[in-house]
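J.: Structure below; questions to follow.
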Amino acid sequence: MRHAFLENWALFLGMLLLMIANGLLVTLLTIRGAGLGFSEFTISLMQAAYPLGALVGTAAAPRMVENVGHIRAFSALASLVSIAAILHLLTSDPLSWSAMRFLAGFCYPGLYVITESWLQAKAENHNRAQILSIYFMIWMAGPAIGTALVAVPDPGGNLLFGVVSILISLSIVPLLLSGNKAPDYEVPDKMPVRKLYRVSPMAVVGNLLSAVAVAVWFISLPLYALSLGMSAAQASGVLVVAMIVGALVQYPVGWISDKTDRRLVLLGLAVAGAAASLWMLLQPGQTSLIVGFGVLAGASLPMYAVCTAHANDQLSRAQIVPASGTMLFLLNVGQFVGTLVGPNTVSIADGKGFLIALAALCFLVAAVAVVRRRQEDAPEETGNLQAIAVLGAPQAGVLQAESWLEEDNNGTSADLTQKSST
């Protein structure tokens, strides 16, 4: 792993800076908006502009990279995001903030595509798993570090917006100074949602519901904590703990998922998430909030990876890349809905609506898992699950699928070469 890191340190550093900036800005805007007197509905509309922009950016950014190249596209998109962060200081108008969130949502997928395609081109079969492992750890660590930075100075000041802009601007430097030539890029295909649903209803519905749930607590948890009388530092601390727990359970959940019916794993995760939500509802308090959201994050964050793996179990190698693009689209849709709905639940029944909504979403995932398991047997053979981060609308699922396909093609070529030599 050390060798893989040293070979790609510039790319990893650039991505880490981007993820720290993204995690910091998401939490900062929620807390700052509440301090400016924005209603929960206004905050939900503002934050929902990000996944809405990501829906557009996910479709447009690959074409941009294909037309102008990695370096130009990366520099342009990073500059726009950096400008968007600073523009928040010039106005306290919710509409302007929403426009900046849409712009950030449009630009970030392009930044991810560039970095990931670069990593994909540099990876080889002997170090691919190591490179992806480091990459996914960065995906988990970056937003957690960014959220923790909210507690450094007063979020009501202007310093942190400058920090976000600086981090994004610095992320360009490693790639620009890298001596590696930018790789060629091909726009991945997508599978129609209807076709993927026919193949795996559990994967499609589970992905949507879990994406809604993650977006609800990721965006709304700081608001909920503030409504309970906690400080901004304490609110961000609860969110950091939840994200750390979510990162730590990825591998164990993946290992279990590879050994048994993935729908059973989804059922267990959903029940755990629902139980944690109900426990916090019945036992309010700071300790139960920290423990409860740790359990909820550990239950909900791995669901996307398990759903994706469940779909891949029933697809051919050639279908995995298009299906991964479709799963990413569904993830963005779910995050948009969750971001739009989540903050509004905080004002329902003195905050209890927030926890009730999370419990209901988890129960729905559990119900779908039970129904699907009764209707259809599990696949006899399953592939290995790769942990995939879901915060920030990642392209990581497509990257992982492309690596599987490339390895399969390399293996096929090797077999043909061996046969021809004999």
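Positions of Cβ are set from backbone N, Cα and C atoms, glycine also.
I grabbed these lines from TrEMBL:
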- 199-422: domain 'Major facilitator superfamily (MFS) profile' (DOMAIN)
- 9-31: transmembrane segment (TRANSMEM)
- 43-61: transmembrane segment (TRANSMEM)
- 73-90: transmembrane segment (TRANSMEM)
- 102-119: transmembrane segment (TRANSMEM)
- 131-153: transmembrane segment (TRANSMEM)
- 159-178: transmembrane segment (TRANSMEM)
- 199-220: transmembrane segment (TRANSMEM)
- 232-252: transmembrane segment (TRANSMEM)
- 264-282: transmembrane segment (TRANSMEM)
- 288-308: transmembrane segment (TRANSMEM)
- 320-341: transmembrane segment (TRANSMEM)
- 353-371: transmembrane segment (TRANSMEM)
J.: For the transmembrane segment (73-90), find every same-chain residue at least 6 residues outside the stretch whose CB is under 8 Å from a CB in it, and list them.
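T.: Those are 18, 21, 25, 29, 32, 61, 64-65, 96-97, 100-101, 103-104, 107-108, 110-111, 114-115, 158, 161-162, 164-165, 168-169, 171-172, 175-176, in sequence order.
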J.: Under an 8 Å Cβ to Cβ limit, what residues of the same chain, 6 or more beyond the ends of the transmembrane segment (288-308), are close to it?
T.: 202-204, 206-207, 210-211, 213-214, 217, 221, 225, 228, 238-239, 241-243, 245-250, 253-254, 257, 262, 265-266, 269-270, 272-273, 275-277, 279-280, 324, 327, 331, 358, 362, 365, 385-388, 390-391, 397
J.: Using Cβ distances below 8 Å and needing 3 or more such pairs, separated by at least 6 in sequence, tell me whether the transmembrane segment (264-282) contacts the transmembrane segment (43-61).
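T.: Checked: the transmembrane segment (264-282) vs the transmembrane segment (43-61), no contact.
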J.: Between the transmembrane segment (199-220) and the transmembrane segment (320-341), do 3 or more CB pairs sit under 8 angstroms, pairs being 6 or more residues apart?
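T.: The answer is yes, given that the two segments have at least 3 Cβ pairs within the 8 Å cut-off.
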J.: Any contact between the transmembrane segment (159-178) and the transmembrane segment (9-31), i.e. 3 or more CB pairs below 8 Å with pairs at least 6 residues apart?
T.: yes
J.: If you average pLDDT over the domain 'Major facilitator superfamily (MFS) profile' (199-422), what do you get?
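T.: Here the predicted model's pLDDT, averaged over the domain 'Major facilitator superfamily (MFS) profile' (199-422), is 79.
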J.: For the transmembrane segment (353-371), what are the same-chain contacts with Cβ under 8 Å, counting residues 6+ beyond its ends?
T.: 201-202, 205-206, 209-210, 212-213, 216-217, 220, 224, 263-264, 266-267, 269-271, 273-274, 277-278, 280-281, 296, 299-300, 303, 341-342, 345-347
